[in-house]
Amino acid sequence: MNEDEAIQNITKKIEREKALINAANAMRSQTNNEAVRSPLDSQMRDGRRNLQFFEEKLRDIQLRKVGQGVEGMSLGADDAGRPPPPPKDASSAAWGDQAAYGQQSQVGPPSDLAPPRHNFGAPGPGAASKARPNFTKLDLIKYDTPYLGPRIQHMLSQIQFKLNVEEQYLKGVEKMVQLYGMEGDRKSKADAAARRVESKQKILLLKQALKRYEELHVDMDSADAQDDDSINTPNLRKPLSGQLSIRVVAIKDVDHATTGRFARGPETFVAVKVEDTVMARTKVSRNDRWEAEYHNMEVDKANEIELTIYDKPGEHPMPIAMLWVRISDIVEEMRRKRIEAEMNSSGWVSADRMGSTGAPSQFPMSPTSGSFGGSPQAPGGGQGQAPGPFGDPAPQPQVVTGPIDGWFNLEPAGQIQLEFSFVKENRDKRQVDLGLGRKGAVRQRKEEVHEMFGHKFVQHQFYNIMPCALCGDFLKYSAGMQCEDCKYTCHNKCYPSVVTKCISKSNAETDPDEEKINHRIPHRFQPFSNVTANWCCHCGYILPFGKKNCRKCSECGLTSHAQCVHLVPDFCGMSMAVANQILEGIRVQKQRQQKTTSLSEKTLRSGATKSPTTAGHGSSASFSSAGAGSVPGTPSAEATEAARLMYNQTSPQRPGQPGRAPSDLSAAAAASAAMAAAQGRTGYDSGPQDPYGQGHYGAAGPAPQHHKYNPADYANVDQGFPAQPPAQQRPPQPQQQQQAPPAQMPPQQPPPQQPLPPQPGQQYQQQQPAAQKPQPQPPATAQGAAAGPPGSQRKALPSATDPGTGARIGLDHFNFLAVLGKGNFGKVMLAETKRSKRLFAIKVLKKEFIIENDEVESIKSEKRVFLIANRERHPFLTNLHACFQTETRVYFVMEYISGGDLMLHIQRGQFGTKRAQFYAAEVCLALKYFHENGVIYRDLKLDNIMLTLDGHIKIADYGLCKEDMWYGSTTSTFCGTPEFMAPEILLDKKYGRAVDWWAFGVLIYQMLLQQSPFRGEDEDEIYDAILADEPLYPIHMPRDSVSILQKLLTREPDQRLGSGPTDAQEVMSQPFFRNINWDDIYHKRVQPPFLPQIKSATDTSNFDSEFTSVTPVLTPVQSVLSQAMQEEFRGFSYTADLD
């Protein structure tokens, strides 16, 4: 519908509402009967509200129409040569100027619970970014809600779904009536007939409500609703258990059942259903009011409450109105009430409500403060602590919130006054105001993958209604199968019947089965305005409202998300069940034909031989056509398989590497495998120019030096896009490699027959003369760095089976002195070598636990990340000295950092701004190094940041790191520590490096304010806070601190600070770090603001006494691992520099 049609449609609706209001007013003036006047007054109130809603929509369309005409007009000749605005606020010249980010319009009163989307994105020309309205699903069903537009969309979807379910229920009841009639069971037949009457009445009420909302709905493009983020959020949608309390107070303006002329009013009561089971029922009332109607009930894993109002005009009760409330919405509303009460009592405000005045003079981080430095402080005291409203933690009074009370809309007419509350059954409940504390990380358990025609089906528990893509029936709050690649969703019983290939695979269009099916008619998907409950025919999730992300086939009527259209098979007019039956028949017939053909070929070719010369020419011709080079012959299957295993080619191809022809790849693999076999090793040699030929940390010869950290690389950070850092530049390559295409430029000199792209599993030469150590390449300009593809600057990952350069060691080389930490993974223990008495921290993990939880690959990945940290001896990353294993355990021997972690120190005393800034700068450089090497950390928190005796930090615990994550790469594993998890992780979306910068923002917040920005009584409440709440700040907090936190804690990952291709440079250029000399920070030339103290080398007072008081022994393991299990850990041992 275009603008003119929408204007005409809304004008008609406005005229209709005015006529209804005038008619009701005229009727009201003609009577004094309050029983008649009351519904007329209600009708007039609703009409005025609808009239206001239509007039606002009319103004919006008219303004949009005018804006479209102005948008294409040029404002002057000077605009033609202007570049587009930068994607990030690089200059940060006007932090308080909201116009720099687009005008913000808030629906309803200002609030601190829902920040606007795209806070810092560059606005498009003529576009004004609107703030996300601050309402919950419970707000939409309240009678006095100001959000009429979202309410109409929400109720259209809900009522349509309820109508579909009730119609299915009625069909079942009618069958029951027929069966009981055939059996002669009169009592059961009468009960079923009564249920049939009630079901028909409910369908009538739902149709009336649906018609009313359809009349109010405005079909226009601007009504497009964003995808409901909570639809894909299992934590918000999972069933809840606990105690539900409901008080029914009164109802009004309902359409009561008709009674006789002289009869009294009908008896009315309210039934409360939880998951279709009647849990409570009020007393009957004739005046629509109830006194002391309190009902407490225990619910177990429930989703929704249904309240049905019944009238009893005769023998059987008749439903007259209904209301549905989700239990999760009640919990969220109570959490928000508690947060609002705490916010009002503490005096803290959100960033957009802070004053524009400058920071008070007592704050050490004012814009005019000097550079970093200062004398060491005593333990627990940090230089630059700020007393007053900013320095002190926010007061955390114990706020007791009452029940939710209000009038709620009934369908199809009327209101009901309710009081309800819900107390969750929390086994791990904790007080919100306890401050910072240790919290373990969580990781999604790896599920069993069921391969089926390219699909990787994994069982999921769905907490909402979803249809099966195969049979079409609904999965109602139950488990189902979903493909990890294309999100194809079906029943557990249906996935074995799926024979359509996973269309996300590259060879789907050449699948022989699909080519042979006669019915290959593509769907004609077109955008349509979704105003009712429709589901995607592929992934099963409900479609959002509007046209933007909704598609519908004009021929068969299938509906789909816009992003799922290309995944739907071309079976228009045929159900998926029938299509799968046909394809299954084709597959069985093809197998029979292949068996027959193979038997005949054996008979016909028993005496025939093929000329080797002809075969060789044919193979060479095919290679020439593929452009593979001069490698003769087609590789054998054995050679290709050996090369695949050697290079461990299991990870997906990186975006920066262009795909090769299959023959090209197989030939290269075969050639490499042959050369490796000839040289008698499992990897190819590093050339003299190998940038990493010196080996890993602790290799023989002089230790590798740091790359020169050139301050000139950051000279342009204030201009927004600084030069590329030297760590991303490649060392000089041989002449023949420099002339090759950038995407094929390997980090090591390959065999001369075939250049290969860098492989994750390739190994480095472990020893080389020191004279051949490469020199760092001079830093390139930003333009030069951006000229090549991203893949040309990536560094190859180390091998998980690298044995290192030192002598083999074992458990008998160490004496264990103390336990430093414990977790689900095992222990971290302090140990010393028996010969030299050197101290190390040894991480001990049980093999049985690793195998049971399918964490073998994670352990190998952790070792590779350690080797990446060892590669340049990064000053702020924990280094690995050795790995070894016994029959029952594996051991990581790491450097011992005796200063403890930052969690212990912040619990002893607040850091202050200067100390927090110092630690944040060093953490920023550590994250920068990880990201430059394709690693995201995913578990940044105070517990994992250790403090050395010289006052500098080191990041530890690489168990959740993910490799091969470059700019643009994504993953989807649900993992991290709850308070630090980014919204995209919670929403089960693909995420990239930006999750580390979100956690970095939470870390800075905790160091500055000694509390977490997102808090709750349990994990679910923390997740709710991350998705809905806006962090609060002291009213006088420095503007630079608020600015960087606001930009790092942006919910949209593509708009978050640090999410761009320059990564850490965006963070380093912020005014919060304006006094930082990054070269001095990297080389530890800045005096730390605090030095931890120990009494002796083996003093463990900086570690939690809960762990250090435990006797340092290894508990015996009773289980015995099989030889196959032990093979999983082959190649794990590694030694660098132990004596």
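In case you wondered, yes, glycine gets a Cβ from its N, Cα and C as well.
As recorded in Swiss-Prot:
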ACT_SITE  D939  active site, proton acceptor
BINDING   L820, G821, K822, G823, N824, F825, G826, K827, V828, K843  ATP binding site
COMPBIAS  358-368  compositional bias 'Polar residues'
COMPBIAS  594-614  compositional bias 'Polar residues'
COMPBIAS  615-629  compositional bias 'Low complexity'
COMPBIAS  723-734  compositional bias 'Pro residues'
COMPBIAS  743-760  compositional bias 'Pro residues'
COMPBIAS  761-793  compositional bias 'Low complexity'
DOMAIN    142-219  domain 'REM-1 2'
DOMAIN    814-1073  domain 'Protein kinase'
REGION    72-132  region 'Disordered'
REGION    349-404  region 'Disordered'
REGION    590-637  region 'Disordered'
REGION    649-668  region 'Disordered'
REGION    679-804  region 'Disordered'
ZN_FING   454-502  zinc finger
ZN_FING   522-572  zinc finger
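For the zinc finger (522-572), the DSSP counts in helix, strand and coil order read 6 helix, 15 strand, 30 coil. With a 10 A radius on its CB, the residue listed as 'active site, proton acceptor' counts 23 other CB atoms from all the protein chains.
Note: the CA-CA distance between K822 (ATP binding site) and D939 (active site, proton acceptor) rounds to 16 Å. Secondary structure by DSSP for the domain 'REM-1 2' (142-219): 67 helix, 1 strand, 10 coil. When secondary structure is read from DSSP and collapsed to three states, D939 (active site, proton acceptor) falls in the coil class. Recorded residues V828 (ATP binding site) and D939 (active site, proton acceptor) have their alpha carbons 17 Å apart, per Cα-Cα distance. With respect to their backbone Cα atoms, the residue listed as 'active site, proton acceptor' and L820 (ATP binding site) stand 19 Å from each other. Long-range Cβ proximity for L820 (ATP binding site), meaning a same-chain Cβ under 8 A and a gap of 6 or more residues, is found for V828, M829, L830, A841, T1100, F1103, F1107, T1108.
Note on the domain 'REM-1 2' (142-219): its mean pLDDT in the predicted model is 87.
Take the CB of G826 (ATP binding site) and look out to 10 A: across all protein chains shown you find 19 other CB atoms. Neighbours of V828 (ATP binding site), defined as other CB atoms within 10 A of its CB across all chains, total 22. Taking all protein chains in view, 14 other C-beta atoms sit within 10 angstroms of the C-beta of K822 (ATP binding site). The residues of the zinc finger (454-502), classed with DSSP into helix (H, G, I), strand (E, B) and coil, number 3 helix, 20 strand, 26 coil.
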